[in-house]
Amino acid sequence: MAAHATLPFSCSSKLQTLTRTLSPRGPLHLRRGFIRLPSLAAFPRFSRAPHPSCRHISASAEASNGASAEGEYDFDLFTIGAGSGGVRASRFASTLHGARVAICEMPFATIASEEHGGLGGTCVLRGCVPKKLLVYGSKYSHEFEESRGFGWTYETDPKHDWSTLIANKNTELQRLVGIYKNIINNSGATLIEGRGKIVDPHTVSVNGKLYTAKNILVAVGGRPSIPNIPGIEHVIDSDAALDLPSKPEKIAIIGGGYIALEFAGIFNGLKSDVHVFIRQKKVLRGFDEEVRDFLAEQMSLRGITFHTEQTPQAITKSNDGLLSLKTSKETIGGFSHVMFATGRKPNTKNLGLEEAGVEMDKNGAIVVDEYSRTSVESIWAVGDVTNRINLTPVALMEGGAFVKTVFGNEPTKPDYRAVPSAVFSQPPIGQVGLSEEQAIEEYGDVDVFVANFRPLKATLSGLPDRVLMKIIVCATTNKVVGVHMCGDDAPEIIQGIAIAVKAGLTKQDFDATIGIHPTSAEEFVTMRNATRKIRNNTASEVESKDEVVTKQ
Ligand SMILES: Cc1cc2nc3c(=O)[nH]c(=O)nc-3n(C[C@H](O)[C@H](O)[C@H](O)COP(=O)(O)OP(=O)(O)OC[C@H]3O[C@@H](n4cnc5c(N)ncnc54)[C@H](O)[C@@H]3O)c2cc1C
């Protein structure tokens, strides 16, 4: 694995809008925590002057919140982990409600460990942001191929320099770490560098120093989880894959989830020989079945080899340094890299949670109620550590709802309805709401509109690129309950469509909307005839004549 690099905790002071890349996850199965609704009486009364930056807040907001009496505790809130959820909650508690907040974060390293992390957390340092930068970098090869049909010629094929991409990506990450430091400092919260550990329901230790707080927020996220099989010391995880010293020549990627597919697209775009090994028959468990098939086909057409129904058993390294992967079906050699993208585990080990009485599930995720409160009254948890929907915007929402509940006198549950997400594969997926299968299970009678077409660009590029779009409608109410797309710009398009789905708009509303021509997105407002009408869960599936809309 790549060695740890150290970044300073300083950078540009200019506050900028942070990249907010939305993303995926299989359709959203929420784990049910125990339900314990906190009564307003459970929230302590506000008892001290607010932070100067929020003197304007209303009397009612000040009347009751999670602040402690002066001197009772060092802080009103102590947050462990300065990632998406922790920073959002700490900042809002301090600036909006005048709470006395401390937040601790471990020193930066490229690869996260029990002792290393970095301001900004996974999204900024080892997830959404660096991943998307590499996706951008890798997409050019497909665009170069497309350009030939539009008249471009090259004397020689353009060359890619991996070290330039990684160096520029790292410069950007340093800038973001600096921005996060400024965000925290400007909010008035106290930033403490080091590993936090819960000592008791109101005490956290960092580097041996004890801090007391009325409320503790655990926002420690998760880390890659890799099975312990022979030769596992030779493999890399997603942290390392984002910061390799050289580009893989031939890579085996184990896993069929969104992270595996995004990296497969990155390395394929950069002209590595990419093999994806999945345990099941299909990629992206939990996504719409038609979308799963479509994406795998499109990725195969771009040169990625899928090995299905295979479990990895061992990795061996030969004298020439190349790796062989033995699976339940075959052994393939010659890999420069083997990457495991086999899931993530919450960072709850050795955090003092058991000792403090905080309940966890069998995967180590913290069990919380609908307000993100743990089984210990003063300890709360948001983000990936609770394993609800593990996405940055969801961690932000949970952090914001926690602050309203505890400091704003406004008990607020995070709202998990119609959370849109994306897979930044190539081509990418955007989706919001239910898959066809989930909609049938939930509503029984469902109308499905499908368009599978060759986009305009492909007519001249000559490439076999296609686009898949689906609208899923509850036949009883005519409400659009799910929208899915796989094709260029799908995440950008679905972000807009998500507003309509969240607002509960009907298929008529979609039909009444005028398209923007010529775009792929206009198909979402011009799909007139249902491709399938599913009634009473199965039997009378009516296939319409235009099963697949072909748009040339
Ligand atoms: C490769 C990859 C790609 C992703 N792409 C996307 C995407 O495109 N879109 C999207 O929405 N989501 C994406 N995600 C998921 C997203 O990154 C997470 O959902 C999000 O970061 C969760 O935020 P969080 O606050 O819960 O945890 P994190 O952001 O992980 O923050 C937790 C922080 O706590 C720190 N910490 C841990 N233990 C301690 C301790 N004891 N003391 C002090 N600090 C501690 C860690 O160092 C870390 O900084 C991706 C994830 C990965 C791995």
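Using the three backbone atoms N, Cα and C, a Cβ is placed for every residue, glycine included.
Automatic, uncurated: that is what TrEMBL annotation is.
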Listed co-binder of NAD(+) (same site as Gly255, Gly256, Gly257, Tyr258, Ile259, Ala260, Leu261, Glu262, source TrEMBL) among Gly343, Gly352, Gly357: Gly343
Recorded FAD binding residues, Lys132, Gly196, Asp384 - maximal Cα separation rounded to whole Å: 30
Those recorded positions in Cys123, Gly196, Gly257, His517 whose CB falls under 6 A of ligand 1, listed in sequence order: Cys123, Gly196
Rounded inter-Cα distance in Å - Lys132 (FAD binding site), Ile259 (NAD(+) binding site): 11
Site of maximum Cβ density within 10 Å, from binding-site residues Gly196, Gly257, Gly343: Gly196
Sparsest Cβ surroundings (other CB atoms within 10 Å) among the recorded positions Lys132, His517: His517
Per-region confidence, the domain 'FAD/NAD(P)-binding' (76-399) (mean pLDDT, whole number): 97
